[in-house]
Number of protein chains: 2
Amino acid sequence: MPLGHALDNRFAQLCGIEVPFSFDVKRALDINVRHGDFDFLFCPLMYTGYAPNKDKALTLNRQLLPYAGVNTGVTYGQWAGLVFAKISPTWLDLDSEDENVRVNAEAILKQQIEWASYLSVKHCVLPTPDGNSCANYAKCVNQILQGLKNMESAMKLLLRIPVGMSNDDYRPLSNALVDSWETWNSFRMLCDHHSQLVVALDIKRVLPPENSLKRWFGEPVTAAILDTEIFLTKARGNTLYLPKRHQKLIADLFHLDTRIVISEIKVPTSAQSAAGSKSQPLLAYWSQVSNIYKQRDPVSEQERSEFYTRDILQPSLRPSRNYSHAISYDDHEKDLVKYLHYEIAISRALLERVPDERASVIATVLVVVGAGRGRLVHASLKAAERTGRKLRVYAVEKNPQTVIALDELIRANNWDNTVSVVSSDVRDWSAPERADILVSDFLGSFGDNELSPESLDAAQRFLEKDGISIPSSYTSFLQPLTAPKLYQEAKARKDILHSESACLVNLHNVARLTPSQQVFTFSHPKCSDNQSNQRYQKLEFRIPTDTGSAMVHGFAGYFNATLYKSVLFGTEPSTMTPNLNTWLPMFFPLRTPICVHRGSILEVHFWRCVDSRKVWYEWCVTSPSSSPIHNCNGRSCWMDL
Amino acid sequence: MPLGHALDNRFAQLCGIEVPFSFDVKRALDINVRHGDFDFLFCPLMYTGYAPNKDKALTLNRQLLPYAGVNTGVTYGQWAGLVFAKISPTWLDLDSEDENVRVNAEAILKQQIEWASYLSVKHCVLPTPDGNSCANYAKCVNQILQGLKNMESAMKLLLRIPVGMSNDDYRPLSNALVDSWETWNSFRMLCDHHSQLVVALDIKRVLPPENSLKRWFGEPVTAAILDTEIFLTKARGNTLYLPKRHQKLIADLFHLDTRIVISEIKVPTSAQSAAGSKSQPLLAYWSQVSNIYKQRDPVSEQERSEFYTRDILQPSLRPSRNYSHAISYDDHEKDLVKYLHYEIAISRALLERVPDERASVIATVLVVVGAGRGRLVHASLKAAERTGRKLRVYAVEKNPQTVIALDELIRANNWDNTVSVVSSDVRDWSAPERADILVSDFLGSFGDNELSPESLDAAQRFLEKDGISIPSSYTSFLQPLTAPKLYQEAKARKDILHSESACLVNLHNVARLTPSQQVFTFSHPKCSDNQSNQRYQKLEFRIPTDTGSAMVHGFAGYFNATLYKSVLFGTEPSTMTPNLNTWLPMFFPLRTPICVHRGSILEVHFWRCVDSRKVWYEWCVTSPSSSPIHNCNGRSCWMDL
């Protein structure tokens with residue numbers, strides 16, 4: 001039974017239970033899942049209760065190892081959906097100095113994965129690697145991953161990684177300790193960022209600092225194992241509870257669709273130990289997890305609508321010579337917050353420009369540059385009405401398809417006297433009179449990336465000297481991200497184009513490593529005609545020292561805009577305007593992810609380049625090590641002028 | 001006139017002279033090259049004698065900049081062959097905080113390259129980058145490089161990099177100083193390892209430590225600029241000379257075909273300064289350089305024959321099911337040293353196996369496994385003759401084409417009574433009697449990489465219990481290399497196969513960063529049949545601290561073999577057998593080069609993997625950072641069983 005009662009199955013969260021080895025998986029499923037509250041089992045599929053003999057090379061007789069699931073009526077679908085295989089035992093030493101131990105361990109590992117694959121099990125949890133020495137383990141896992149056939153394409157290998165420490169004398173990030181995130185990072189790099197290698201977090205009693213923990217929100221955390229030992233008992237009565245930080249961590253993991261596993265560490269005494277006999281007491285733990293789920297905020301409409309676009313790269317730059325399709329206008333026009341901000345900004349500008357006493361005399365000339373289907377015209381007219389100011393509006397639009405809808409809108413509303421529709425590129429239009437106010441909406445997710453500067457430069461020639469541009473300025477922002485999913489997506493395309501193209505992304509499974517920083521600012525109208533729209537900015541991001549080392553796969557791009565004086569909006573996370581849903585963040589990838597070690601600085605360079613035909617960005621990292629300069633001469637992504 | 005009198009033009013070395021800006025390049029060429037001893041000019045093509053005004057943004061009127069070569073009769077071929085363009089002035093600040101200075105510098109840089117390109121100049125020497133801040137400079141150079149058209153494909157941009165310091169208080173590798181190699185390395189990474197970005201070393205008076213200097217031997221050092229200030233004067237008389245270390249450096253650079261430039265630093269006082277008027281005094285410097293050239297060892301026959309294979313990747317692994325062509329036998333059989341070693345080893349084995357008094361009675365059974373065209377049969381018979389021992393030889397060869405030649409050899413020499421030819425794969429052959437001695441030659445450049453272990457395992461079943469295998473053991477060695485040329489070659493193929501295939505290479509323009517270390521050893525006969533031919537080895541290379549940081553592009557592979565007891569040969573550099581020319585070194589590339597910082601350890605893992613159908617290597621780096629595991633499951637290179 002999924003935790004809580006989600007209206008929408010996509011947001012249901014599942015909780016499993018660890019059970020010891022049993023030949024009879026069907027019975028364990030019956031007890032715990034069919035008749036119990038759990039959603040799946042986490043269990044070994046092979047009996048490996050033999051203790052390793054340290055004095056002697058391990059020589060298991062492979063034929064005799066007992067397998068689970070040989071003669072039971074568990075269906076393909078049940079193996080696939082209801083069983084997480086625990087690759088055991090945890091003492092498998094694939095990096096032993098002793099060649100025999102190593103070779104046997106390799107054989108046992110491969111055998112178990114093959115057995116799980118034969119049964120159609122989709123999730124195999126691998127033992128925790130030793131951070132100091134796991135190259136041979138990684139080699140074996142890599143061979144398994146690279147050798148996965150199409151049939152097994154849905155199988156995921158979950159590398160079990162501890163988070164925090166079991167005992168209380170844990171000093172976070174002391175130098176003697178191996179940072180378990182680094183172990184995971186190294187293992188995943190050895191396996192060449194394979195998308196089927198994911199993480200099972202083993203949540204310990206003492207958690208590392210918040211920043212260190214945050215790194216996991218960028219990783220593919222497919223399961224989180226909660227040992228019953230991390231649950232505490234209230235002084236009065238014996239009600240179970242989880243420490244606050246653990247509760248928060250689990251709630252955050254729900255957000256990533258991580259499955260929870262309740263586990264009670266008990267070494268099975270024999271292969272015959274009855275599976276599931278311990279399950280009843282674990283229900284109390286289940287309730288705790290279920291409570292955390294129930295306390296979450298309900299899933300918003302926006303979350304629902306964005307579900308399928310999570311972490312998917314979408315091409316970003318719209319060359320201006322391609323006209324948008326109706327569908328994109330439909331989407332953008334839904335953004336009530338955006339147009340309300342425009343209306344307020346225009347209102348303020350009108351009030352300041354025309355004093356009350358002259359309101360009935362002066363008609364303000366307002367040019368909507370890129371009028372689309374008239375939403376900004378409408379906002380302007382509403383502002384005029386709200387302020388009692390007179391307007392003469394020119395609605396300039398170059399997309400001939402949109403002009404049809406624009407014309408229709410104006411006729412239908414009887415705005416003919418106030419609004420003139422101009423079907424022209426703003427660069428070619430000879431304005432019959434100078435404008436007091438320019439209103440435009442060329443802002444992209446990264447501010448200037450839809451050629452707002454160039455479009456407004458063209459419009460400036462018919463703006464009064466003291467005229468106003470709405471927006472009057474905008475600034476782009478960047479933030480380094482851990483985003484292995486996005487990296488894998490780009491890498492799968494195997495070409496340089498996808499590895500250095502800026503994209504739009506609904507960022508979800510990413511870790512934001514530092515606050516964002518300002519990049520480029522443009523103000524309108526410009527002081528001087530000669531002012532170039534080229535820009536160059538060097539940024540230094542300092543990753544908090546309690547984060548530890550971190551992997552940077554690229555940069556999120558945001559913007560903030562000043563429409564008029566104090567009327568602002570934007571997508572920069574620390575100041576973002578709620579419910580402003582026109583813009584997804586940008587993502588500027590790195591061709592090769594860069595590891596930034598604890599305390600070192602990430603130095604990044606961004607350029608906005610302009611030539612006679614196009615505008616593009618280039619970017620690179622110069623510290624802690626130098627990357628290639630991305631998108632040289634705009635070869636992979638650009639905007640046509 | 002090329003330095004010295006090389007018999008072979010390929011080995012001629014050229015020495016140029018720096019001259020100040022002049023409109024009349026023809027005259028300068030006449031004085032220095034046509035009527036002088038120099039081979040080419042190094043000169044600015046644009047007058048940039050204006051001093052930069054630090055208080056004011058630099059605003060050059062671009063139309064008015066004077067160019068060299070506008071109206072002179074210098075031909076296309078002369079521009080291409082006899083002129084190195086000096087991109088000037090050196091104070092071009094492409095990373096200025098002042099946007100105007102930066103933008104102007106970019107324009108001046110691009111203008112000069114375009115002018116040089118228009119004239120067909122093939123070498124442009126770029127000003128020295130500032131190690132602390134050169135990202136924007138790199139961006140401009142990268143744009144130029146990536147934008148080079150086919151016509152300009154022969155143009156090289158030489159980044160001028162100082163080596164050492166001019167003054168005497170230079171403390172090598174002190175932390176405050178930027179290591180100029182690191183500046184170069186960072187610049188080249190920013191430019192994505194472009195093959196047309198090369199180095200012009202600016203040799204200073206005080207040279208860095210030997211290990212630090214050595215790194216340059218792996219780099220594309222196309223020119224070395226010798227300021228006249230680094231020449232010293234002998235106490236008595238005024239004979240010029242160069243310090244010993246400088247002499248050695250120049251001799252080593254000759255080996256890399258680096259062109260020398262003699263330069264006298266004088267800031268030109270006006271655009272009209274007569275070019276070349278200073279050339280006569282520089283002849284004394286030329287003589288010094290010429291002397292160094294003349295003192296070199298003469299170019300050996302082997303150097304000549306290997307000239308065209310320098311640093312070229314050649315596929316290495318020969319799947320055993322493909323038979324070699326006659327040409328490869330021709331090459332290998334030329335190796336007199338190799339066969340002499342075999343003859344001596346067989347002689348010793350015969351002497352020890354058969355006491356003098358029984359020499360006429362006992363016939364030793366000797367099986368040549370993989371007899372090829374009979375060179376080892378011949379060596380065996382010579383050993384028998386030399387020691388007065390009797391032999392019964394079986395020459396087993398599976399290549400049916402070679403057997404024809406082998407048969408012919410035996411008939412022609414009347415060896416029919418002693419030698420039986422067996423046309424069979426050794427794995428299929430039923431030996432009529434047990435062998436006392438196995439002689440084989442399956443050694444590859446990396447020892448076991450031509451399946452020697454597997455072939456000798458098959459032969460061991462008909463070897464006497466106390467029988468001898470020649471070779472009796474062999475060990476492979478690895479050594480980390482800086483080898484950007486090899487990296488560029490593999491990268492140019494743009495596929496994973498070439499970036500992780502072991503190759504044979506005549507290593508030339510590479511830096512060997514540490515001594516080599518042992519990897520895998522195989523001994524024959526084996527003690528136990530069950531002993532696997534799989535191997536795993538972890539290696540830790542410690543790059544000397546006075547090297548500074550270094551780039552690792554891959555690993556050279558060598559081998560040493562014990563033929564019999566003290567009869568050894570091999571290619572491992574510190575112990576290599578002179579004139580053993582069958583084997584080129586192996587090269588195991590890294591998909592992405594790894595930068596090892598000063599004092600840190602390079603931890604490498606190598607595997608020899610075996611399955612039922614093939615043998616292959618996998619390798620990875622785990623420190624200072626983790627690489628992917630290369631050649632997983634032998635997907636890119638392997639040997640068929």
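Yeah, the Cβs are placed from backbone N, Cα and C, and that goes for glycine too.
Quantities reported herein were computed from a predicted structural model and do not represent experimental measurements.
Positions annotated as domain 'PRMT5 TIM barrel' by TrEMBL: B:38-342.
DSSP gives B:Tyr339 (S-adenosyl-L-methionine binding site) a helix state. Neighbour count (other Cβ atoms within 10 Å of the Cβ, all protein chains): 19 for B:Tyr339 (S-adenosyl-L-methionine binding site). For B:Tyr329, B:Lys338, B:Tyr339, B:Glu397, the entry in TrEMBL reads S-adenosyl-L-methionine binding site.
What TrEMBL lists as domain 'TRM5/TYW2-like methyltransferase' is B:366-442. Mean model confidence of the domain 'TRM5/TYW2-like methyltransferase' (B:366-442) amounts to 94 (pLDDT, 0 to 100 scale).
As annotated by TrEMBL, domain 'PRMT5 oligomerisation' applies to B:473-639.
The Cβ of B:Tyr329 (S-adenosyl-L-methionine binding site) lies under 8 Å from the Cβ of B:Gly372, B:Arg373, B:Thr402, each of these being in the same chain and 6 or more residues away along the sequence. Summarised by DSSP class, the composition of the domain 'TRM5/TYW2-like methyltransferase' (B:366-442) is 26 helix, 23 strand, 28 coil. For B:Lys338 (S-adenosyl-L-methionine binding site), applying a Cβ distance below 8 Å and a minimum sequence separation of six or more within one chain yields B:His332, B:Phe569, B:Leu580, B:Thr582.
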